[in-house]
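This report concerns only the one structure given below.
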């Protein structure tokens, strides 16, 4: 049975006012069943129930962090599992969504990379994470105004489904997000970066998980990184900027004794010369079985200072949800202290 959420809002069943009602129930009210759509005639609800599946998830579990972040573990209808993270701030509500079950990139410092690749998520399974998280938090899906494609998976290797999901996120009759508040992260798929630049109707932001400025180190920590050299990635980033005019963010996880040497800061600054960019330095978040540890605060500061002295726009990103296994690099289907929650609650 097809999943309703896999459809573009313009292609939803029903017409006119009834279609508008259906979209409002799904994307504003966030209900998880057709039966809950009480202003639709009973016969119409039964017809929709017989033709479409509304809920992409069989079950959901949550792990709550002391800082308010929540890790959501989703069991899909085929039994596979993946995760998303909800991060409330004083001025905004942000969600980090997955685009795959597992990940083929195999970054050595990332727990998801150790899982390997399961399968691509469909557009509805990506969008459904937003709806389910909103239901779990007791808010309207439209209250989540910031979204990052930074969970499990490489979005540019699930290109069509990721772009289809992004179009639903931005659609005014669906979630109506601002393109300036949606960021797609990639390990550096040069062909995908250039392709993204040509998506004129999207305009979402780009973040590249670079993590090292030299080929030897990058291939050590990102085995699949050899598919695209750093030069190829940087060339694609420049092409992207030339087409879109948008700044590019570089993500850089700080690994003690691996990529935190000051000569690497200097080389990174050289790589970024002429590119309007921002560097996010991310202290590595610990997880069981990792061979890496985070750089010291002192070394992170020294690396930061070296970049800043070269005129690089740089910040240190403090991760949320570490105690819940929900921080960057920790997503691996671990669920200490989890509780089962209702999926798709209004």
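Counting starts with 1 at the first residue shown.
Every residue, even glycine, has its Cβ placed from backbone N, Cα and C.
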Residue in 178, 185, 229 which Swiss-Prot records at the S-adenosyl-L-methionine site where 153, 154, 209, 210, 211, 285 also bind: 185
Which recorded positions sit within 10 Å of residue 110 ([4Fe-4S] cluster binding site) - Cα, from 83, 96, 153, 211: none
Spatial separation of residue 96 (disulfide bond) from residue 210 (S-adenosyl-L-methionine binding site) - C-alpha basis, Å: 19
Cβ atoms near residue 185 (S-adenosyl-L-methionine binding site) (within 10 Å, other residues, all chains): 21
Integer Å distance between the CA atoms belonging to residue 154 (S-adenosyl-L-methionine binding site) and residue 103 ([4Fe-4S] cluster binding site): 6
